Amino acid sequence: MTLESMMACCLSDEVKESKRINAEIEKQLRRDKRDARRELKLLLLGTGESGKSTFIKQMRIIHGAGYSEEDKRGFTKLVYQNIFTAMQAMIRAMETLKILYKYEQNKANALLIREVDVEKVTTFEHQYVSAIKTLWEDPGIQECYDRRREYQLSDSAKYYLTDVDRIATLGYLPTQQDVLRVRVPTTGIIEYPFDLENIIFRMVDVGGQRSERRKWIHCFENVTSIMFLVALSEYDQVLVESDNENRMEESKALFRTIITYPWFQNSSVILFLNKKDLLEDKILYSHLVDYFPEFDGPQRDAQAAREFILKMFVDLNPDSDKIIYSHFTCATDTENIRFVFAAVKDTILQLNLKEYNLV
């Protein structure tokens, strides 16, 4: 074989390979285009601690693989850390609010717990378990807990602190509810894709604290639906970042901004009025009218309170043609979220029938 014929042969092989690669790329591009058409992007928005991360966890439980024993074990130290964080917040608040411990020994217990570096906590040693239990039973700490709207305390504090014995047992494995209740502030952007009826739902959770919000801008392209979470129980609370600003007013301001963004002109808006269980407890002793004087409904009435809050948010919508879909939720209740998201999924699919060739 001559050198020329060998080169021609090699060249034709290269051309064939190049054509094959090009064909593969074209095929992949067509596939990507088709998949993009069958992908719904759901953007979870809301202020800090409104329940967005819990909602994502529920999607993993309801529509994903859930949490294996190994996954749950990964939450163990976070549960311990949440317990220390909650007790430290109350110990600091005892001083600020000038509440006294009823039992003298709790001054020493408070000192012991206060000295713990929460981020280094990986175990739950007996001396700390004993100190936390004794502190939680102190009438002074209970009074401090009752005044929690005056400082920052996680919604899960009572859930964990009343169950310290179970959590302190040897070989403790967090339950699904323990996992749902764990509070870890979201920094950055978390995406959770799941497949439903041959459609990919890509749920995007972004940090709700003010410092996190400037990162949102990158998520604003091709959003099918905005899912905006409001914590119903925050009507009497102040912001983590500013202790003279009402959390619900901040949530309203953010919602107004979001629904008037030009990016979201074609996105449907679904409003989740979350933490309805906490509202039902709180409304019995903390009156909505004290924080929102325009409320003229009955006191201690959760139904009247939540309908008023819903109307406040819906009234922020300047576009009379745009429907705000709304649901009252409890993000830690799997069955409630299963039911609500089934309705949300149907709404989203109905609104996107033509575009996604679902008719």
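Just so you know, glycine gets a Cβ as well, placed from its N, Cα and C.
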Task: region 'G5 motif' per Swiss-Prot - which of 119-124, 149-154, 233-238, 329-334 - done: 329-334
Task: region 'G1 motif' according to Swiss-Prot, located in which of 41-54, 69-82, 293-306 - done: 41-54
Task: GLN28, GLN209 - the residue Swiss-Prot records as deamidated glutamine - done: GLN209
Task: Annotation match for S-palmitoyl cysteine in Swiss-Prot, from CYS9, CYS219 - done: CYS9
Task: Of the residue ranges 131-140, 201-210, 311-320, the one that Swiss-Prot records as region 'G3 motif' - done: 201-210
Task: Spatial neighbours of SER53 (Mg(2+) binding site) that are distant in sequence (at least 6 apart) but have CB under 8 A - done: VAL184, THR186, ILE190, ASP205
TODO: List nothing but the one residue from THR186, ASN274 whose Cβ has the fewest other Cβ atoms within 10 Å; the candidates are the binding-site residues.
DONE: THR186
Task: Among GLU49, ASP277, the one of these binding-site residues whose Cβ has the fewest neighbouring Cβ atoms within 10 Å - done: ASP277
Open item on the list: Using other CB atoms within 10 angstroms as the count, which residue among the binding-site residues LYS52, ARG181 scores least?
Closed with: ARG181
Task: Collapsed DSSP category at ASN274 (GTP binding site) - done: strand
Open item on the list: If I take every residue in the domain 'G-alpha' (38-359) and average their pLDDT values, what number comes out?
Closed with: 92
